[in-house]
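Q: Supplied in structure tokens, the structure appears directly below.
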Amino acid sequence: MINKENDVANILLETKAIELNFENYFTWASGIKSPIYCDNRVLISYVEYRNKIVNYFIDSIKQNYQSVTLIAGVATSGITWASMISQKMNLPMIYVRPEPKDHGRNSQIEGRFFEKQNVIIIEDLISTGGSALKVCDLLRDSKLNVLGVCAIFSYDLKISKTNFEKSNYKLSYLSSINNLLNLINENNLYDINQVDKLISFFNKIDK
């Protein structure tokens, strides 16, 4: 039986969605400077892998959020996945902007929805969870029943777990940094010094 977490981690490596740079650190959306960057947007260009990810998403949703009646994508990277998932599950979809538009209706939530619909939020990546939780709060304030967030990949930081627990929202993801590091170690995919530096980085920021 295929291990979903390891398979997704392998897909990220195969598509070079994972980048390492120990000289010029990447800046995550949360503001954290990091030697690793996960760009899940490249996955949409690989049909076979894209289909796998969608099916894994659906399996996770059926397992963790059985009462879902609405799919919400987070702009911009979550919209594509939400669209494919909602189509395959035959469910309505909305998407959420980081900020309201500055023209037209000044909308932040796009699409039709009704009070008390059970919504699951689709994200591509979780670092601290800050941006996803803002979307959760916005949808809750819009009188939707927020079941939780489902993402492709998580850096599995303690702060993200704490943030979700405090906010009382459920978080699930298809793969994590731990799965990725295990796969890298098992297959000797990177120089051991780079792996040690990466582990040291996460130990340092995740105290």
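Cβ from N, Cα, C; glycine included.
Annotated domain 'Phosphoribosyltransferase' per TrEMBL: 58-159, in sequence order. The feature 5-phospho-alpha-D-ribose 1-diphosphate binding site is assigned by TrEMBL to ARG97, LYS101, HIS103, GLU123, ASP124, LEU125, ILE126, SER127, THR128, GLY129, GLY130, SER131. Annotation comment: TrEMBL describes SER127 as orotate binding site.
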Q: Given the residue listed as 'orotate binding site' and ARG97 (5-phospho-alpha-D-ribose 1-diphosphate binding site), what distance in Å do their CA atoms have, once rounded to a whole number?
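A: Cα-Cα distance, the residue listed as 'orotate binding site' to ARG97 (5-phospho-alpha-D-ribose 1-diphosphate binding site): 18 Å.
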Q: Averaged across the domain 'Phosphoribosyltransferase' (58-159), what pLDDT does the model get? Just tell me the whole number, please.
A: 94
Q: Within 10 Å of its Cβ, which one of these binding-site residues (SER127, THR128) has the largest number of other Cβ atoms?
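A: By the 10 Å Cβ neighbour count, SER127 comes out on top.
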Q: Using a 10 Å radius around its CB, how many other CB atoms surround ARG97 (5-phospho-alpha-D-ribose 1-diphosphate binding site)?
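A: Summing over all protein chains shown, ARG97 (5-phospho-alpha-D-ribose 1-diphosphate binding site) has 16 other Cβ atoms within 10 Å.
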Q: Are there any residues in the same chain, six or more apart in sequence, whose C-beta is under 8 angstroms from the C-beta of GLY130 (5-phospho-alpha-D-ribose 1-diphosphate binding site), and if so which?
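A: When sequence neighbours closer than 6 are ignored, GLY130 (5-phospho-alpha-D-ribose 1-diphosphate binding site) has SER30, ASN163 within Cβ distance under 8 Å.
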Q: Can you break down the domain 'Phosphoribosyltransferase' (58-159) into helix, strand and coil residue counts using DSSP?
A: 34 helix, 30 strand, 38 coil
Q: Determine the Cβ neighbour count for ILE126 (5-phospho-alpha-D-ribose 1-diphosphate binding site): the number of other Cβ atoms within 10 Å of its Cβ.
A: 28
Q: Which ones in the same chain are close to ASP124 (5-phospho-alpha-D-ribose 1-diphosphate binding site), with CB under 8 Å and 6+ residues apart in sequence?
A: ASN40, ARG41, SER77, GLY78, TRP81, ALA151, ILE152, PHE153
